[in-house]
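**Q** Sharing a structure, written as structure tokens. Questions coming.
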Amino acid sequence: MKLVAVTSCPTGIAHSQMAAENLLQAGERLGHDIDVEVQGAMGTQDELASDAIAEADAVIITSDTSVSRDRFDGKLVLKGTVKDGVNNAEAVVQKAVELAEAGKTGSVTFGSGDDGEDADVGADDSSDDADAAESDEPVRRGGDPEKGLFARLKKLFS
């Protein structure tokens with residue numbers, strides 16, 4: 001089966017790279033052809049070709065940031081967090097294959113994602129997300145913004 005994936009995190013240095021590597025290894029181990037694009041603070045690496053997207057049976061997005069889905073119209077798109085890609089890559093690939101073989105299209109959120117129809121991949125964090133969704137306060141991800149990559153770069157260049 002042909003799969004494409006996009007990983008992205010706010011800094012794009014470690015976690016998105018680890019998720020990409022784990023998804024590649026899991027796809028190969030399960031006998032599937034998978035291409036992975038990494039989006040981070042420094043731009044996009046291994047950008048998915050339009051041909052690869054057109055041939056794909058499913059799209060996997062493991063991201064803690066916003067990823068444009070326009071180029072994936074008409075495809076099965078599975079959305080989860082970078083944590084899902086790092087910790088549960090094999091289960092994520094298996095879920096994508098299962099849904100694609102069933103002929104599903106559209107968007108499905110899995111794992112520790114926020115609002116999906118299907119949350120059984122890596123569901124150990126689902127109760128935390130349900131509590132966060134019920135409160136009126138926004139969910140904040142990441143560390144202290146004063147200590148992040150952008151803050152350090154700003155200090156370096158000012």
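Backbone N, Cα and C atoms are what each Cβ position is placed from, and that goes for glycine too.
When I checked Swiss-Prot for this same protein, it listed these features:
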{"type": "ACT_SITE", "residues": "Cys9", "note": "active site, phosphocysteine intermediate"}
{"type": "COMPBIAS", "residues": "114-136", "note": "compositional bias 'Acidic residues'"}
{"type": "DOMAIN", "residues": "1-98", "note": "domain 'PTS EIIB type-2'"}
{"type": "REGION", "residues": "104-147", "note": "region 'Disordered'"}
**Q** Going along the chain, which residues six or more apart from Cys9 (active site, phosphocysteine intermediate) have their CB under 8 A from its CB?
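**A** His15, Ser16, Ala19, Gly40, Ser63, Asp64, Thr65, Val82 - these are the non-local Cβ neighbours of Cys9 (active site, phosphocysteine intermediate), listed in sequence order.
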**Q** How do the residues of the domain 'PTS EIIB type-2' (1-98) split into helix, strand and coil according to DSSP?
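**A** The domain 'PTS EIIB type-2' (1-98) comes out at 40 helix, 29 strand, 29 coil.
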**Q** If you average pLDDT over the domain 'PTS EIIB type-2' (1-98), what do you get?
**A** 89
